[in-house]
Amino acid sequence: MPELPEVETVKRGLAPAMEGARVTRLELRRRDLRFPFPDALAERVSGRTIVGLGRRAKYLLVDLDDGNTLISHLGMSGSFRIEEGAASAMPGEFHHARSKDEKHDHVVFHLEGGGGPRRVVYNDPRRFGFMDIVGRADLSAHPFFRDLGPEPTGNELGATYLAERFRDKAQPLKSALLDQKNIAGLGNIYVCEALWRSHLSPIRAAGTLVTSGGRPKQQLDLLVASIREVIADAIAAGGSSLRDHIRADGSLGYFQHSFSVYDREGQACGTPGCGGTVARIVQAGRSTFYCAACQK
């Protein structure tokens, strides 16, 4: 499933083609994805101007000029593709011709303005993605967002905040980090990588990073810094291209070439002087990769 860096990369890739454009028609080629489309979705979006693109956790947000926001989740295999309706190239770094099987094109944004007519196509072979529309003022109260924790790159995330969340918790550290109520948008790949960078075991209790008085230990400061770094590095690299993720320009992300532990079972740990080997275990049905020699 695309994680925060992948969705951020898609948002940045779509922005030059979508922001400021008018949706002449929203074409729905089926009645549902993972869930049924909201009633009259095509009518509510058609004719509107896109005033901005945003992201919250793993959700792409398309702000419209009538005060509504279209919410899109990529699910397991969803992606967007930009198609020009004229010969002139679209601005921005992310632009590519058609790149996926058209039989899985389920939603088409027909756009005009700026560089001329164009289409932004949502393609989803597995159909685990979904879309919804809600008033922008009501976004924080929407069931998708009301319980989300702070963004991993935002100012709200700090060691003191995590100490409050983790205090007295016997829950494994990795599970606590994947809990979207604690931190929004973190997923399996980047949690594994952040834990390796901070030399923390995914199986240790989250509460062990907090003093008896409720203050964060130094290791928690290092963990927060590692989370910020790994997310920033992944966004800069365009995300990871594992399995179905693809950028808005049709190319692949390159952060997977920088993995230190994820999907590296049996390989040597990259920590200088460690000498350990990357192991794979299963936690809550998900693969965890870590080095037992240097992650404590």
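Every residue, even glycine, has its Cβ placed from backbone N, Cα and C.
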Further DNA ligand in Swiss-Prot, beside Arg126, Lys169, within candidate set His104, His110, His199: His104
Under Swiss-Prot, the annotation zinc finger belongs to which of these stretches: 38-74, 260-296? 260-296
Want to know which recorded positions, from Lys58, His104, Arg126, Lys169, Arg286, are within 10 Å of Pro2 (active site, schiff-base intermediate with DNA) at Cα; which are they? Lys58
Which one is it, among the active-site residues Glu3, Lys58, Arg286, that lies nearest to Lys169 (DNA binding site) by Cα separation? Arg286
So which recorded positions are near Glu3 (active site, proton donor), with CA atoms within 10 Å, out of Lys58, His104, Arg126, Arg286? Lys58
